[in-house]
Structure formats: structure tokens, C-alpha cells
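Trainee: Here's a structure for you.
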Amino acid sequence: MTKFIFVTGGVVSSLGKGIAAASIAAILESRGLNVTMLKLDPYINVDPGTMSPFQHGEVFVTDDGAETDLDLGHYERFIDSTMTRRNSFSTGQVYENVIAKERRGDYLGGTVQVIPHITDEIKRRIHEGAAGYDVAIVEIGGTVGDIESLPFLEAIRQMRSQLGRNNTLFAHLSYVPYIAAAGEIKTKPTQHTVKEMLSIGLQPDILICRMDRTMPADERRKIALFCNVEERAIVGSYDVDSIYECPEMLHDQGIDNIITEQLQLNVQQADLTAWKKIVHAIQNPKHTVKIAMVGKYVDLTESYKSLIEALKHAGVHTETDVQITFVDSESIEKNNGDVSMLKDMDAILVPGGFGSRGVEGKIAAVRYARENNVPYLGICLGMQIALIEYARDVAGLKGANSTEFDLKCAAPVVALIDEWQTADGSVETRDESADLGGTMRLGAQEVELKAGSLAAKIYGSEHIRERHRHRYEVNNNYVPTLEQAGLVIGGVSAGRERLVETIELPNHPWFFACQFHPEFTSNPRKGHPLFTAFVKAALNNKKA
């Protein structure tokens, strides 16, 4: 039978529930358990696919093509399980399914209510996502007390009642502030958030206290007394330099022993050797490189979370401190294409994105990298930008652009593809008037790499599988012209469309761009060959 750990948060948002939950999962996995994770989002959006990065941060794409919360990226980076669409759902999806059942007559004319119909659907989805695992860690988005979260909290209350204390555990993350003016740690916010939980029938078994300093024994005893939680189950979650220090930090306080005792799990001792090696590599780099990330969401770096982490993973595997400088592509445009801020950079990266804002600034950055032999990595839109720049400045295709930015451009080298084959062999179609939500090329797709290409050398194979999230493709009608001008198409999709997947420049020290998102499959234990190769190229450029 699957055991459930429910992780909730109180006082304020953005305390790090996802990291805490993922760290617990990593510890339990190191003890030999088969662990999965679920994220329950209270918003009414069906998924975050159409939400602004400034509102939501990064959209993480699962292997099977679900657009999900960035916390699922943390889950995959901390444990070995691959997330799917079953590992994430929102209020919007729950209501959508319940209403569809009502329309079909599944409820036999009954009045459809939050209890039991909505809560039953939530429980069904939790059990579905947890099936086949020893332990499922379920993170409830939002903050206890929010009206949006109430159906989810009621659902897990019912699960505790139905499954019992030895099969369920509540871990609550709270904020314990230090008031500098008074020189005191304040426990009252934590007392109040637990009071809020108790009012809806939830008693925390573990309290994880988010703090910027070690918790004194007196405060620990006080919280235990007022919150009715064992003193040893008051666990500190302190500020650290790297999120990968968190599993060891929580383990050292015995959190996994508390969990295994309550859930009656007879398992081996934790082995965090791999995590200790990762932390040691992060703390003791032998080299340093500076990489410019040129994008338009740079004011909220959470928009590029997986990408930032993938570069850090590459640093772990090359003993390098990867220092990222975020460059606003709009500022380059406003300053007439001035890219002087790139001159001290060892490499340049242009990430994915949508819309025309800041595009010409990105094109200027690509031009600088190409003309000055600076290692360049383009991802998704970053590949399309590189291709547009090459078409304009090398292939002589004046007016080259993407129809995403200029529907009537003279040379649409990037355009909306209206039909393509999915990974399971079915055919999907779209046009300019199609809904934005769920209409992109999503999830893992097979890619064929050209023998002898830089792509094949990086991956060590001519057949790879990478995740996608995009609506526009390279226009194959222009490929012959671009190839004649020296551009190398190093990879194409395995389907009948032969869509361009990677491009490279043979006469450049290291110039590579891909349509897919390799950052979604990078983790600190293994890294990713593309990012490792990119950081090595930056190191070589620095030495040169």
C-alpha cells in the first residue's frame, strides 16, 4: 500500500515547499524506497501553459507533454522518478472533469457539490498519481488559509481519516522570522498557521520551520508546546548557498526517522554520499566562467529555473563556478544594438521565449557571438533567432524573420507548422486562430542526429529523445539556401516532417542551437551532455 506525505505551507508563500518536499523524497529514495511526487495547484487555470512567466515563473514540461509548475522540475532533479501529467493537477482540471461528468449524466441527476464531488475527484487523482509507489509526497500549492486551497485540504483530511495515521503524514512548512530591531525570533506566526490547520481538521505531524538562523532550544520547545507537535519533529530549514544542501540538512535533524517510524517503513539507513559529492563540487570549484543569458524575462529569473540549474549541474561536472549574467534583450534594442556588455563574457546563451518583444536585441547578441567566435548556445527561440540572423547576414535573405514576429515578412524562415506527427504516431493540426493552451508541440520527441556533426559528438549517439515546447518551426523551404550558405542542420525530427531540431556552424569554435529544451532532463547527479559541452567550450574560450 502506498504511504502518503502531504506537504503544506503557512504564513507566507514562496517559503520553499517544493524544495523541502523534494529533499524529503531524495532522503527516502536513498533509503531504498520507490518514491513519487505530486503537485496540487489551487489556481483555476487548467495548466500554467498560457500564464505569463512574470506571474508564474517557468513552465516545466514533462516527458509526456504536460505543462506544469516549476516544482516538478525540482522533483525530477532530486529523485530518479520521471514526472508525467498524473503528477500535477490544478483546480481548473478538477472542475473541468467534474463538470464534464455532470454534462454526461454520470451523477444521475444529483446536485454536484464541492463535497463530495470535487474532493472525490481530488482524491481519485492523488491515488492515480501515487499508484505503484512505496511513498507519494503530495505538495499542496498556496498557503493554508487561502480560500482556493480549501477543497484540497479537505480532501487530504478525508484521506487521513480513511487511511489512518500510519499511512499518512502531514508536514507543514512555516515561517519563523527574526526581528532584528528586537533581537528576537518570533514563533507567533507559526502558532497561528497551525491554529488555522486545526480549524479545518489537520494536525501537523512535522513542522518545518523556515528560518535564517539556527533555532534555539527554547523556541523549539515553545513551538512544540503550543502547536501540539513532538519537539523532535520541529525541524529547521535554514538558508543555504545551494538547494542541494537541503537533503543532508533535513536528514541531520532526523526527519526521515520520524517519517519511517510513523509510516511503519522498515528500510535501510540513508546514504547521501551522492548529495555530499554534489555539494562538495559546488563549494570547491577549480574554474570560473561567465555566461551571458540574453532574454526578456530577466527581471524574474524563476522564468529560467531549469536552465539555470542545468548550467549549475554542468559546473558540478566540470568543477566550474558558472556565473550567469542576465542581459535584457530589450535594453540592447533600446541602445541601438549595443552589445558592449557581452565583451567580458566567456559564452552567450539565448533561451526560449514567446512574442516579438526583445527579438532584435537577441539577434544582435547572436551576431556578436558568431562574428567574434564566442561560444553560443541557443534553445528553442534561441535557435530560431540564430537561424534568422544567419539568413539575414550570411545567406543574404533580406527581410528574413519568423511569422510569429512579422506575418508578412519577405522570407519567413520560421513559420507556424500546421500539421505534425506526435510521439505516439497520431497527427495534430493547428492554425493562427487555434487556442493557445495545449496547442504546441509538447513533450519528448525522437531526434535523429547527423553522423559526424557536433550534435552527434556531444550526445555520443545519432538517436536522442528530448522534450519540446514550441509552436513555430524552421521553414524547410529555406533549408537548402541556408545549407548552401554554410549552415549545418545537425539534427531533424524522426517523424515524416523532418523538422529542423539542431543547427551548428562548422567554422566557429562552438556554435550550437536546438529547437528542444534539454534543460528539462538535466539533474545534478548526471548533468546533461549539452550543457557540459557548453561550459567546456566557455572554459576553452576563456583560456584562448
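Glycine is treated like the rest: Cβ placed from N, Cα and C.
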Trainee: Can you tell which of Gly353, Gly358, Gly495 Swiss-Prot lists as binding L-glutamine with Leu381, Gly382, Met383, Gln384, Glu404, Arg471?
Mentor: Gly353
Trainee: According to Swiss-Prot, Ser14, Leu15, Gly16, Lys17, Gly18, Ile19 bind ATP; which one of Asp69, Asp71, Asp80, Asp106 is listed for that same site?
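Mentor: Candidate in the recorded ATP site: Asp71.
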Trainee: Long-range same-chain neighbours of Met383 (L-glutamine binding site), Cβ under 8 Å, sequence gap at least 6?
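Mentor: In sequence order, Val474, Thr502, Ile503, Ala513, Cys514, Gln515 meet the Cβ cut-off.
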Trainee: Rounded to a whole number, how many Å is the Cα of Gln384 (L-glutamine binding site) away from the Cα of Gln191 (UTP binding site)?
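Mentor: Taking the Cα atoms only, Gln384 (L-glutamine binding site) lies 52 Å from Gln191 (UTP binding site).
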Trainee: Tell me which of the binding-site residues Ser13, Thr187, Lys188, Pro189, Thr190 ends up closest to Arg471 (L-glutamine binding site) in space, Cα to Cα.
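Mentor: With Cα distances computed to Arg471 (L-glutamine binding site), the winner among Ser13, Thr187, Lys188, Pro189, Thr190 is Ser13.
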Trainee: Counting Cβ neighbours within 10 Å across all chains shown, tell me which of the recorded positions Lys186, Lys222, Arg471, His517 comes out on top.
Mentor: His517
Trainee: For a quick check of understanding: among the binding-site residues Ser13, Thr187, Thr190, Gln191, which residue's Cβ has the most other Cβ atoms within 10 Å?
Mentor: Thr190
Trainee: Measuring Cα to Cα, how many angstrom lie between Pro189 (UTP binding site) and Glu519 (active site)?
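Mentor: On Cα coordinates alone, these residues lie 37 Å apart.
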Trainee: Quick one: largest C-alpha distance among Gly353, Leu381, Gly382, Met383, Gln384, Glu404, Arg471, binding L-glutamine per the record, in angstrom?
Mentor: 14
